[in-house]
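To start, I am sharing the structure in question, which I have written as structure tokens.
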């Protein structure tokens, strides 16, 4: 087994333990707690795959971190923090487009993980573009603020938004939700394209026809769920 794989797992286990102690003292906010739960599941899976005991790995991770901290100067820590890139906020929509109220003649709604998908199934034979406002870090989508579907006339006919009760989502969550929304709109013979900005940072690529490169799994989910649920 690669020793770097083992040491990475050990450090991750110890850092999770530290974050758990922070949560136990009621110092973590909702996104912090959400990531804590997600990472716990991930560590259990990694431990099972690697055949490593989490408690033993946590102790070993503590020793690694303590050794690094002894060697770390305050100046080096400041330089490390300064070199971490900050999130960027990208906007496809204007403030008016984001805040505008809209209604649906035939409303449909689906919850996909931590995201809520809404669309008007009365819309047919329209050209539709999906626009989104979101944050980016390391040139990848970090957090979706809001996504809306617009007709050429500017009418809002669909939306994807984070659920306040389930904070925290991944780029994969967003891509899956976009796939469901596209499938629902295309079911009524609409032509849907995704903004170049969203394609670039969510899928790391773009197509001239505005369609993101959905995986076979996403295409199956679109076809299987949209008929009955959206």
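Glycine too: its Cβ is placed from the backbone N, Cα and C atoms.
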Which residue does Swiss-Prot record as ISG15 cross-link, given the choices 78, 126?
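Record says 126.
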Can you check which of 62, 219 Swiss-Prot annotates as ISG15 cross-link?
219
Per DSSP, how many helix, strand and coil residues does the motif 'Nuclear export signal' (137-146) have?
0 helix, 8 strand, 2 coil
Take the C-alpha atoms of residue 20 (ISG15 cross-link) and residue 41 (ISG15 cross-link) and report the distance between them in angstrom, rounded.
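Per the Cα atoms, residue 20 (ISG15 cross-link) and residue 41 (ISG15 cross-link) stand 13 Å apart.
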Residues sitting near the motif 'Nuclear localization signal' (34-38): Cβ under 8 Å, six or more positions beyond its termini, same chain?
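Distal contacts: 16, 19-20, 23, 28, 166-168.
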